[in-house]
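One structure is given here, and the rest of the page talks about it.
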Amino acid sequence: MSDSQEIPYHNQLKNRFRGYFPVIIDVETAGFDAKKDALLELAAITLKMDENGYLHPDQKCHFHIEPFEGANINPESLKFNGIDIHNPLRGAVSELDAITGLFQMIRRGQKDADCQRSIIVAHNAAFDQSFVMAAAERTGVKRNPFHPFGMFDTASLAGLMFGQTVLVKACLAAKIPFDGKQAHSALYDTERTAELFCYMVNHLKDLGGFPHISQIDETENTAENQTAL
């Protein structure tokens, strides 16, 4: 008997989000236009589910990125995120290397979890998704694992659960420590967003909100039918 057969249906990651593999993303940029402004930093964290159905952060990657040729650089954006694009200690790589490394990590995790496609999880997710997709298009990297427009927005989810939409306030509501001095570092924000998303998913489970009673009945009926066959 395989591991997936031994673990209850709703305690398998592939069955939690309809076959989607959730990946936490955060980007730091030189503006708001994903087509024209530079992508300067990117971090991602994949998730795993334990045998009891609880979600946890798993693998991570982090890249400082060189502005693509002809990219706009908004000085106000650099002042906001504190990035010095001319600092050689950044260790910046090309967009091609960053997106290639990101997709390789995600495809491995997606395969291991037996999921069919990946989905971006981010705080104000439309922003992060637009920059990742624009970079993927510019670089021509094949086999983009992400759904082209679907996403999970932790700002919306936190607004529903806590009445808070700002990342730091949502984290504090979930009793997740947040160091404001490290905010707007892509890796730090991704780590906190991953903790927040896992907390919300796990808390819903603890409250009895997932699986829903209708899903439990449906799963049991499916299992009975398979046994009968």
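Cβ atoms are placed via backbone N, Cα and C, with glycine included.
Per Swiss-Prot, the feature domain 'Exonuclease' maps to 23-197. Look at Swiss-Prot and you will find D26 tagged as Mg(2+) 1 binding site, backed by sequence analysis. Summarising the annotation, Swiss-Prot assigns Mg(2+) 2 binding site to D26, E28, H184, D189 and lists sequence analysis as the type of evidence. Under the heading site 'Important for substrate binding and specificity', Swiss-Prot lists F32, F80, F127, F149, citing sequence analysis as support. The active site, proton donor/acceptor annotation in Swiss-Prot covers H184, and the record cites sequence analysis as its basis.
In this structure, the C-alpha atom of F127 (site 'Important for substrate binding and specificity') lies 9 angstrom from that of D26 (Mg(2+) 1 binding site). F127 (site 'Important for substrate binding and specificity') falls within a helix when secondary structure is assigned with DSSP. In terms of Cα spacing, the binding-site residues D26, H184, D189 that come within 10 Å of F80 (site 'Important for substrate binding and specificity') are H184.
Across the binding-site residues listed here (D26, E28), the residue whose Cβ sits among the most other Cβ atoms within 10 Å is D26. Cα distances from F149 (site 'Important for substrate binding and specificity') to the binding-site residues D26, E28, H184 are smallest for D26. In sequence order, V27, E41, A43, N81, A183, S185, A186, L187, Y188, T190 are the residues of the same chain, not among D26, E28, H184, D189, whose CB sits within 8 A of the CB centroid for the Mg(2+) 2 site. The C-beta environment of F32 (site 'Important for substrate binding and specificity'), restricted to residues of the same chain at least 6 apart in sequence and closer than 8 Å, consists of S77, F127.
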